[in-house]
Each structure stands twice: as structure tokens, then as C-alpha cells.
Amino acid sequence: MLSITILFLLIAEGSSQNYTGNPVICLGHHAVSNGTMVKTLTDDQVEVVTAQELVESQHLPELCPSPLRLVDGQTCDIVNGALGSPGCDHLNGAEWDVFIERPTAVDTCYPFDVPDYQSLRSILANNGKFEFIAEEFQWNTVKQNGKSGACKRANVNDFFNRLNWLTKSDGDAYPLQNLTKVNNGDYARLYIWGVHHPSTDTEQTNLYKNNPGRVTVSTKTSQTSVVPNIGSRPWVRGQSGRISFYWTIVEPGDLIVFNTIGNLIAPRGHYKLNSQKKSTILNTAVPIGSCVSKCHTDRGSISTTKPFQNISRISIRDCPKYVKQGSLKLATGMRNIPEKATRGLFGAIAGFIENGWQGLIDGWYGFRHQNAEGTGTAADLKSTQAAIDQINGKLNRLIEKTNEKYHQIEKEFEQVEGRIQDLEKYVEDTKIDLWSYNAEFLVALENQHTIDVTDSEMNKLFERVRRQLRENAEDKGNGCFEIFHQCDNNCIESIRNGTYDHDIYRDEAINNRFQIQGVKLTQGYKDIILWISFSISCFLLVALLLAFILWACQNGNIRCQICI
């Protein structure tokens with residue numbers, strides 16, 4: 001009966017709605033049931049309340065024609081467009097920020113090669129416009145406007161419309177041609193010219209009379225002299241001959257001299273070069289849509305504010321930096337310690353050392369209290385704002401560091417320059433590896449600092465409360481203080497807002513701290529009483545059993561015989 005009575009009292013005390021103990025105030029921080037894992041300098045898996053993904057992995061399945069001007073080469077690459085190949089007439093006068101070359105582009109005229117193809121391609125792409133200026137060239141005693149069956153325009157034999165194929169005259173003459181053009185303008189001129197390589201000696205003399213022919217093009221600072229390479233080659237569009245195209249830039253005040261005795265594919269004018277233009281070229285099969293984006297890749301456009309992307313290493317204009325990582329998360333909240341399902345026996349509240357608080361939704365840091373008036377929770381906005389300001393500043397600085405305009409184009413080399421191509425790819429791979437490592441390190445460093453900052457703000461808040469309460473309360477070691485004086489909700493609020501005056505309550509707190517109180521059912525006393533109750537119950541049970549045996553023996557109901 002005694003043990004049952006004691007257990008009943010314990011249960012009744014635990015289920016009571018009225019709190020009769022000393023007031024308690026606890027400090028805590030926000031928590032969520034499922035946080036986000038981030039990497040720091042010291043740990044690969046740290047759970048935080050919130051984090052921001054820094055790597056963009058989504059792209060649009062199209063190229064955006066705004067705000068950048070895109071020109072679709074369609075079946076023409078940029079060099080064929082500059083030469084004026086049939087099927088490229090839509091590029092006449094075209095202007096672009098990004099010239100889109102298609103993998104399906106084909107040559108549609110006389111078979112040709114460009115010995116320095118990539119340089120010419122780059123010059124044309126960077127220029128951003130096909131601004132062709134026609135000029136008058138006085139060629140003497142030669143036939144002009146040669147045509148070829150390999151170069152059909154509207155099913156009629158034609159030729160590159162920016163070039164003039166010179167052949168011998170009807171009088172079987174091809175005298176020495178020597179022509180000079182002076183650049184009196186204020187811009188650089190790009191001249192594209194060519195040399196025809198016949199397939200046989202007969203073709204050479206039939207076209208130019210002179211065998212061998214020769215073409216020499218000179219400026220004040222350069223000279224290129226080419227002797228035709230006569231010989232049979234594989235047939236392409238019905239032709240075994242070839243044309244080699246060259247290019248010469250003539251600066252303002254310079255001049256260009258054409259000297260030939262045959263085989264010259266002469267220019268009809270020049271392209272105006274714009275040194276201020278920063279256009280480029282992109283080789284991709286992705287269609288042009290109607291979206292808006294400043295970043296283009298060979299896989300589509302990217303629309304994002306994130307500083308990194310792992311979509312493509314080939315990117316144009318205002319693009320995030322390419323990194324190998326699929327994810328880099330920047331902590332934007334504090335360390336997450338999910339709240340336990342139960343907080344000790346009989347609903348005891350706990351502070352930040354044990355866990356976070358999932359109910360603290362209007363701030364990062366806050367208070368919980370328990371007194372005679374009940375329990376309550378309130379956020380501390382000052383410490384919350386201090387942490388947010390520091391984290392926001394870190395986020396802005398990180399984006400500023402990494403959000404430089406990044407432009408990485410695909411570089412190609414002729415097969416003869418294979419070693420250079422391998423070296424270039426090695427350098428690019430090394431740069432990407434280095435930047436990927438730097439990005440990961442930078443994010444880990446910022447995450448470490450973020451967690452340290454938020455932990456520091458929690459400790460600052462705890463120290464502020466401890467200095468206010470001083471000897472009026474006892475630190476319970478779990479982020480809570482037990483207050484040794486009566487503290488109603490107004491008193492609790494003064495602790496929260498920093499206006500608490502410990503001198504007002506000092507005498508009461510000291511008296512209560514040393515006063516001999518009645519038995520207090522703390523966790524330790526409850527255990528002792530339970531053990532005492534259990535022992536007494538066992539003793540009473542044994543005593544009752546012995547008394548029954550003695551009574552039965554006296555009445556003869558039980559006989560006890562002892563044999564020796």
C-alpha cells in the first residue's frame with residue numbers, strides 16, 4: 001500500500017498542469033526536422049538549417065536570341081559566308097554577338113582549303129559583322145568572273161560572289177598583273193584572296209597559259225608568295241583541282257600589292273574590321289528559340305544567378321564558371337540539431353546544448369521559459385539579425401568573387417598541329433581542375449565561417465543573459481538557468497530584452513538559494529524513494545508469508561517435521 005501510494009503521488013506530480021518549481025529560462029536556436037548537408041574544412045557532412053545551391057545544372061533546350069544577337073549560319077559556316085558561297089546569301093550584311101555554326105554546315109562551291117583556317121574563323125567571328133566594301137580593281141588583259149559547275153547558284157554555274165576568278169584572255173594572254181590598293185581609311189581592312197591549283201598541266205595552260213603560275217601578295221610588313229601545286233586530287237563536286245584561300249590585314253596607312261602571272265583568285269573588295277567588337281562563334285545543333293539569356297553553351301542557354309555551372313565547359317558571354325562538381329552548397333543558416341521527440345521527464349524544457357527548437361520560426365535565436373504563469377517561446381531578433389547580416393555579406397562577397405564574366409570557347413587546330421592541340425586541352429583541363437578545387441575550397445571555408453559565426457552569436461546571447469542574472473540564477477549546463485526568485489512574464493521579458501535589474505531580486509534569490517526547503521521531488525529523490533518503497537514492499541510480503549506459516553502451524557494445518 002505504501003509503494004502504491006508513493007507511485008500515485010509521482011504520477012500525479014508529473015501530470016499536474018500547475019508548475020510549482022523555480023522559474024526556468026532557456027536559450028535556444030532554430031532547428032528543422034530535415035536539414036541540409038554541407039561541407040566544411042573539417043567535416044564533409046555538417047547538417048545546417050538552410051543552404052543555397054551554387055552549381056547550376058539545368059539549362060534551356062534552346063538558344064536565346066535576346067539580349068544577344070544571334071545569327072544562324074544554317075548550312076553555311078562563317079568562312080563560306082565570308083567567301084560568298086551559294087546558299088550563304090542570307091549572311092550578306094549580317095551582324096551578330098554570337099555566330100551560330102551548325103555541325104551540318106557544308107561547302108557548296110569549288111573545293112577549297114584555308115591554310116590558317118582557325119585564325120581566319122576567329123577574326124571573322126570577333127568582328128561581329130559581314131560589312132563588305134566593294135572596290136574597283138583594274139586587271140589588264142585577263143578574263144574575269146570565272147565560273148564553275150561545282151558552284152551552282154539557282155542551278156546556274158557561278159562562283160564565290162566576294163571573289164573574282166581571273167583567267168587568260170580570249171587572246172590567249174595572261175600578262176603580269178601588278179595592282180596596288182592603299183588603305184586611306186581609319187579602319188583595318190581584311191582582304192581574302194586565293195590561289196587555284198589545277199589538277200593537270202593541261203588545265204594550267206588552258207586557264208592561265210603560263211606554267212607555272214605564281215601569286216605574290218605584299219604589304220609594308222608582310223609578303224606571301226605561292227606557286228600553284230599542280231596535281232590530281234580526289235574528285236569533289238566534279239572537280240579534281242583545289243583553291244587555297246589566304247587572308248591579309250591592311251592597317252590604316254598601309255597598302256597591299258597583288259602581283260601574279262596566273263592562278264590568282266582576286267578579291268572584289270574588303271571586309272571592314274571593327275577592333276571594338278567582342279563577338280564570338282558557337283558550334284552547336286541547338287535551335288534558336290524565343291527565350292532571354294546572356295549565357296549560351298553548346299547544349300543550350302543558361303538562365304541563372306548561381307556562380308557555377310557544370311553543364312558545359314564551352315560557354316559564351318555572361319556565364320557562371322564551369323566546375324566539375326555536381327553540387328556545391330553554401331550554408332545560409334546555422335548548424336541544425338533537430339529537436340528531440342521528448343525533452344526529459346515530465347515535460348522539462350531544454351536549452352541549445354541539448355538540441356535546437358523546431359517551433360522557433362520567427363528568428364534564429366530565442367528563449368523558452370517556464371514559470372507559475374505557464375510556458376512561452378520568443379525569438380531574439382537582435383542576435384538573429386546580427387548573424388543574418390554576416391551571412392548575407394559572405395554570400396554577396398562569394399558571388400562577387402566568382403561572378404566574373406566568363407567566356408570559354410572551343411579551340412580547334414589542324415591535324416598538323418596535333419601536339420599543340422593536345423597541349424591546349426591539357427592546359428584547359430588543368431585550369432578547370434584548379435578552379436573546381438578552388439571553388440570547393442572557397443565554399444568549404446565560407447561554410448566553416450558561417451557555422452562558427454552562428455555558434456558565436458548563440459554563445460554571445462547566452463553570456464549576455466548570464467551576466468544579467470549573475471547569482472540570482474544557476475546555470476543548469478544545458479543552456480538553461482534556474483531562477484531563485486519569483487519571476488513572472490514581465491520579469492522574463494526584462495531578461496529577454498536586456499532590462500533585467502538583478503539588484504531588485506538579489507535578496508530574495510539569496511534567501512531562496514540557501515533556504516531549507518521541504519522534500520523536493522527532483523529526479524534523484526524520486527529514484528531513492530522508489531527503491532525504498534520497493535524494499536519495504538518486499539519486507540512486508542515476506543513478513544506476511546512467515547506470519548501465515550506460523551498461524552497454520554499453531555492450528556495444526558501445517559506439520560513441520562525435522563529429521564536428523
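Each residue, glycine too, has its Cβ placed from N, Cα and C.
Within 10 Å of the C-beta of Cys64 (disulfide bond) we count 21 further C-beta atoms, all protein chains included. For Cys64-Cys291 (among others), the entry in Swiss-Prot reads disulfide bond, with the evidence type sequence analysis.
Long-range Cβ proximity for Cys88 (disulfide bond), meaning a same-chain Cβ under 8 A and a gap of 6 or more residues, is found for Gly73, Thr75, Cys76, Asn80, Gly81, Thr108. Residues annotated as disulfide bond in Swiss-Prot, with sequence analysis given as evidence: Cys76-Cys88 (among others).
In the three-state DSSP reading, Cys109 (disulfide bond) counts as coil. Around Cys109 (disulfide bond), the same-chain residues at least 6 positions away in sequence with a Cβ under 8 Å from its Cβ are Asn80, Leu83, Ser85, Pro86, Ser148, Ala150, Cys151, Asp158, Phe159, Phe160. Taken from Swiss-Prot, the feature disulfide bond covers Cys109-Cys151 (among others), and the record attributes it to sequence analysis.
Around Cys295 (disulfide bond), the same-chain residues at least 6 positions away in sequence with a Cβ under 8 Å from its Cβ are Ser301, Ile302, Ser303, Thr304, Ser315, Ile316, Arg317, Asp318, Cys319, Pro320. Residues annotated as disulfide bond in Swiss-Prot, with sequence analysis given as evidence: Cys295-Cys319 (among others).
Taking Cβ-Cβ distances under 8 Å and a sequence gap of 6 or more within the same chain, the neighbours of Cys487 (disulfide bond) are Pro23, Ile25, Asn371, Ile495, Tyr505. Under the heading disulfide bond, Swiss-Prot lists Cys487-Cys491 (among others).
Among the features that Swiss-Prot reports, signal peptide is placed at 1-16.
Annotation comment: Swiss-Prot describes 549-564 as topological domain 'Cytoplasmic', evidence class sequence analysis.
Positions annotated as transmembrane segment by Swiss-Prot: 528-548.
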| field | Listed in sequence order, residues with CB under 8 A of Cys291 (disulfide bond) and six or more positions away | value | Leu60, Glu62, Cys64, Ser66, Ser301, Ser303
| message | Under a three-state reading of DSSP, tell me whether Cys295 (disulfide bond) is helix, strand or coil. | response | strand
| remark: If you rank the disulfide-bonded residues Cys76, Cys151, Cys319, Cys491 by how many other Cβ atoms lie within 10 Å of their Cβ, the lowest count goes to Cys491
